[in-house]
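Peer 1: Here it is, the structure, as structure tokens.
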Amino acid sequence: MGVITIIQQRNQKINIFEGSIKSVLFKLAWPIILTNILQTIYNITDAFFLGKLGKIEFSVPTITWPIIFIFISLASGFSHAGSSMVSQYTGMKDKTMAEKSAANTIVTIVVLSIVIMFIVLLFSPNIISIMKVSQEVFDLSVQYMNIIVLAMPFMFLMELSAGIYRGWGNSFIALKFTFLSVIINIILDPIFIFYFDFGVLGAALATFLARSIIACYFMFTLIKGTYGFKIDIKYFKPDFRLIKKVLQIGFPASIGQSITSIGFTIIMGVVSSFGTVVVSAYGVGNRINSMVVMFAIGMELATASMCGQFIGADEPEKAEETVKKAAFITFSIILSISFLLFFFGQYVTRFFINDPEVIEMGKVFFKMVSFSLPFFATMSIFMGALRGTGHTVQSTTVDMIRLWVIRIPLVVFMADIYGFKGIFIAMIISNISAMVLAYLFLKFGNWKIRVVEKYEKID
């Protein structure tokens, strides 16, 4: 009875204007944090099973993910647009416009995802060739990516639907759906990888099925109004005034994140040049780092939702207080976790792959990169405030400077001098620099201005 009551309560929208800011932050953040941890477990599940097949199979998702993420980033930008518009209209207590904004963002992202899917399928061999991998890894990577790309429209819809609910004030729904997705993936992975002997392709097929099932259910709940936010079918008729607004907010974020992802693909190319051992250690390290910063990302998205609603309600001082409290809490917690990774990183690496060379390389990775995690986490909070209020040009500027002006030049320069350790040094410097820049945008920028009024007023 108690569990059912909790679930029923969590299905309700959180009113950010009731209770302390810290309390609301945690109410919004903890489902997001668990959702992101589950998402990381989803990825780790693939890595765990593929690691049993060997270094080549294990490296395929590591090689292809930066490329796939380039295209997912396009969707992510429009997800920020949908979430920002829904949160600000919710703050303005305009339910109809919140629902219309959500519907038109969905229309935009579905069309975009289908176009991207066909482009990637057409040019996947050419894209993978950029990574400069062996022929065996190349063939598996092309096949793996093609199957993942078929799931792209569903992946886009999952992310956008979660953003819509989050902007409205309910972050628990995405947690439930992601949990179901992880369970499906955990069940299907060993069946496809080992029982049917599909290997790497089995992991991709499991992902395709899990994503498509959950995305369809997500859309069903939005159209039926299962959790209180209902999109009337008639709202899906394209409203080009709203689509224009979606593009104005989403386009800078999408382009910025895609260009950022291209940069990570270039970095992956440098990493690949050091061989399979470094690629495997880098893959393990990034997966664990992703799990560590899940708390930061949860706080970032909670901050984004709260700031969007506070700005929509003309309460900028509460938005500013939200950022300050979220940044302090996040820095403190991630700093503690970083100490653990610094001392025990090699044991984490050993869990995934029992190769002495990879374990030693993983130890080096964690001892160096863990230092920058608290700064990256704090930057995430600042970026959440910018994205949540719809000021995506500023957040895009931070992303691009972090990667293209600082990290990539440093990776190329320092890898030549210090070898693979130069890559890790570049990560540290770029994360700290980006945090400072994001802070300056908050300190002196115009992020407290409502974008839904700035771009256009719709009857």
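Backbone N, Cα and C atoms are what each Cβ position is placed from, and that goes for glycine too.
Okay, so TrEMBL annotates it like this:
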- 24-42: transmembrane segment (TRANSMEM)
- 62-81: transmembrane segment (TRANSMEM)
- 102-124: transmembrane segment (TRANSMEM)
- 144-165: transmembrane segment (TRANSMEM)
- 177-196: transmembrane segment (TRANSMEM)
- 208-229: transmembrane segment (TRANSMEM)
- 249-271: transmembrane segment (TRANSMEM)
- 291-313: transmembrane segment (TRANSMEM)
- 325-344: transmembrane segment (TRANSMEM)
- 364-386: transmembrane segment (TRANSMEM)
- 398-417: transmembrane segment (TRANSMEM)
- 423-442: transmembrane segment (TRANSMEM)
Peer 1: At a C-beta cut-off of under 8 Å, are there same-chain residues at least 6 beyond the transmembrane segment (62-81) that contact it? List them, or none.
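Peer 2: The answer is 105, 108-109, 112-113, 116, 120, 127-128, 130-131, 133, 137, 141, 144-145, 148-149, 152, 155-156, 159-160, 162-163, 245-247, 249-258, 260-262, 264-265, 267-268, 272, 279-280, 282-283, 286, 304, 387-388, 390, 392.
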Peer 1: If you count Cβ pairs under 8 Å, which stretch among 177-196, 291-313, 325-344, 423-442 touches the transmembrane segment (364-386) the most?
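Peer 2: Per the Cβ under 8 Å count, 423-442.
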Peer 1: Does the structure show the transmembrane segment (208-229) and the transmembrane segment (144-165) touching, where I'm treating 3 or more Cβ pairs under 8 angstroms (sequence separation 6 or more) as a contact?
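Peer 2: As far as Cβ distances go (cut-off 8 Å, pairs 6 or more apart), the transmembrane segment (208-229) and the transmembrane segment (144-165) touch.
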Peer 1: Can you say which of 24-42, 249-271, 291-313, 398-417, 423-442 has the most Cβ pairs under 8 Å with the transmembrane segment (177-196)?
Peer 2: 24-42
Peer 1: Decide whether the stretches the transmembrane segment (24-42) and the transmembrane segment (398-417) have at least 3 CB pairs under 8 angstroms, with pairs required to be 6 or more apart in sequence.
Peer 2: no
Peer 1: What parts of the chain pack near the transmembrane segment (291-313), using Cβ distances under 8 Å and only residues at least 6 beyond its ends?
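Peer 2: Distant Cβ neighbours of the transmembrane segment (291-313) are 16-17, 21, 24-26, 28-37, 40, 44, 80, 83-84, 87-92, 166-167, 169, 171, 319, 322-323, 326, 329-330, 333-334, 337-338, 341, 373, 376-378, 380-381, 383-385, 387-390, 447-450, 452.
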Peer 1: Cβ under 8 Å, sequence separation of at least 6 from the ends of the transmembrane segment (423-442): give me the contacting residues as numbers and ranges.
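Peer 2: Tertiary neighbours of the transmembrane segment (423-442) are 267, 270-271, 282, 323, 364-365, 368-369, 371-373, 375-376, 378-379, 382-383, 385-386, 394-395, 397-399, 401-403, 406-407, 410-411, 414-415.
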